[in-house]
Amino acid sequence: MSESQTPQSIPRKRRRPALSCEQCRRRKVRCDREMPCGPCTKSQPSLDCEYVYEGKAALDARIVASRNSEHESPPPGAQGSNAPSSADGARIAQLEASVRTLQSRMHDLEHGSHVDVARARRDVLTDDSMSSSNANKLDDHIADLERRLAEAKARRSEVSQTCIAPLVPRLKKCTADRMKLFGTTHWALVFQQFRLLRQIRSTASYTDGNQNEVSRLLKEIRSMRHSIKGRQAPRLGDPAPGLLNDLPPRDVCDELVQDYLRTLGLIYRVLHIPSFYQEYERFWTDPQAASKGFLMKLLLILAIGSIFHSEPGPFNELGIPVRRWIYAAQWWLSGPTEKEDIDLEGLQVHCLLLLCRQGYAIDKETNWVSAGSLLRLAVKQGLHRDPRTFPTLSVFQAEMRRRIWATVLEINLQLSIDSAMPPLFSPDDSDTGPPSNLDDEDFDQATTTLPCPPPKDWYTTSSLQVLLSQSFPTRLRIARMINEPAQEQCYESALHLGNELAASCREMAITFHNYFSRTAGSRFGPTSFHHRLMDTLLRRFLLNLYRPFTIQAIKDPRFYLSRKLSLDSALSIASYADTSSTSPNVDHVGCRDFQRLCLSGAGLFKGHLSLDVMVVIALELITQLEEVAQQSTTVSLPSNVVDQIAEASRAPLIKALENIRAQLYQSLAAGIPSMKRYCLLGGILAQVTGVPRGEHAEWTRIRKAFMSTMETCRMLLQRYIDKCQVSDKEGLLTPTGGVNEWTPESFIPSSLDSEFMIPNLGFEDLSFWDIPDFVDAGAFDMSV
């Protein structure tokens, strides 16, 4: 080889085409090969991201040209063998021109269709052998992109020329507290265009000579209208007269109000505490002059406060007629009273009414329906629109509307889970922002500008509501996923939502830890009651989210993670049933408040006594028993070793169920007939704690356990009836025939056939809960 043909004189051929853009190659940074690429986008807005293609043919041409320039001119006879033909050179030039044209056209399309253009550009850059057929195909593809981009631009231009801004709704102030929303389809917005009629009040004929006459006629017509409507209205007697006579003494009322405000009043913010206390003082100055709306609020607050003041039960130590007050509030909201429409005070009463009904397990089956009415009343008042839409609202009104709207949404979401019904709203139905993290003392009705909220980790009387609302979007998506009809449940989506909500639970625990260290001894500070209740409200969504996958996990190991996560959530809630701790660091007052609410309440207030928690733990216990029975035939270990391992894994689960049963025993002793839970746990514990001795022996043991637990129920309830006076006022009626005529044997079916089975629990379906003789007695509520 001669010196002119050394390897150094020949340009080094690239092993692969350059895939990075020209700007990234020049700056020696990593390119993501998008169009435009990330580094060019982040570096300079005006930087033009450009890809330069150097195909194989162009490289060969450059190599040949280099050789021709460095070698001596070959003999004329050898020219045809060493240099490319003129036809090849023309073809190379044509391909280079096609590439440059395509690059220019793709550059023009880069803002129109990023995905297709980037894919087309990658096709160009990764093709080592550019042929005329490939160039023609790419030309056709880019031509199609250009056509689609032009059509899209034409459609956007046409739509943009016909789009209009939405009409702004109007909020009419009927009275000092009552508002009426005129939505975007209300005829009053069209009336705004009648300029002549709107200007009539400013005309000289009206202001000069006819003003008194017009006012007189309007008053006369209004009086006649009210007279006619009064004649048409039904005259019904007040179902709960003399409510003022039911009030306890002033000192007891003060304690009950404090009990409400320090517990549920800090989570469901429907009251402005300073304003309420001002009305409260005026009420005791002259009770007869108080409005009916404030009286309803006060009665419901006293009823909720009594849950935490005395031992729970139909007959509390204070003798408060809770049912009478609840039905009086329902009558005031829905009956033909003197009010014409629901105002903010009516919404407050409605929220308190639902909380009270849940706290005393009254009318549980219709609470979801009532919550829907509450939501629609709030929408009618315009609470679903951000207060900034209505400039006439005061700062105080705007903030209270945000608080009440957040409470309305939270109640509806929780009750949709209780009733297994889809939520009645979506995130697009409202643009109201969350409430501000402010103390009630930071603003009042005379405030013109809200103060700057403190940092997120600083506790205020609104912090708990703000903290609960942070997880609301995730919980709403979960409720929509599990309750909407014909909604396919994706396991990956469930795990993603579950991780989001679990992160909210961890963040909540850290936040409460910080609150506890800063607010010790505060009058309205957070307690263990708030932490336990809010943690339960979040984790019950996890139970419902993972439930269908937990059932599938029994046979399909792909869903085992959902089984474990569901059990972890159930055990976290069940841990609140353990009240044996004597540590001085434990907030015993908060734990006692939470226990009383769970014993007295239903649904969202049932806490660790909920059947949702029990069935998850019971299902895990029975599944472990079945797995141990299968392993004993396949694993070569001594039987005693297998039994010890199994018992050790089941011990914490059995302990959790025993703690729950102990509290259900207290509930029965207090006159709250939670017999379904108590008897169900008796059968479960009998199955999982006994020694397997054959199927017949197990069913005999379970049958005896049911009989024993029902005998205990009868004994406790009979003792309570004997202790208390029968009172129609509280709704506890003497059962027909007497309790002594009920026998445990009458509740147990005579046969143990397959129709008596509860799915996935391994024992009979307790259909005897609906025996007419038992329900028709009317004394006890056997519903969940």
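Along the chain as shown, the residues are counted starting at 1.
In case you wondered, yes, glycine gets a Cβ from its N, Cα and C as well.
Among the features that TrEMBL reports, coiled coil is placed at 92-162.
Per DSSP, the secondary structure of the domain 'Zn(2)-C6 fungal-type' (20-51) breaks down as 12 helix, 0 strand, 20 coil. What TrEMBL lists as domain 'Zn(2)-C6 fungal-type' is 20-51.
Taken from TrEMBL, the feature region 'Disordered' covers 67-89 (among others).
For 424-447 (among others), the entry in TrEMBL reads region 'Disordered'.
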Based on DSSP, tally up the residues of the region 'Disordered' (424-447) by helix, strand and coil.
6 helix, 0 strand, 18 coil
Across the whole of the domain 'Zn(2)-C6 fungal-type' (20-51), what does the mean pLDDT come to? Round it, please.
77
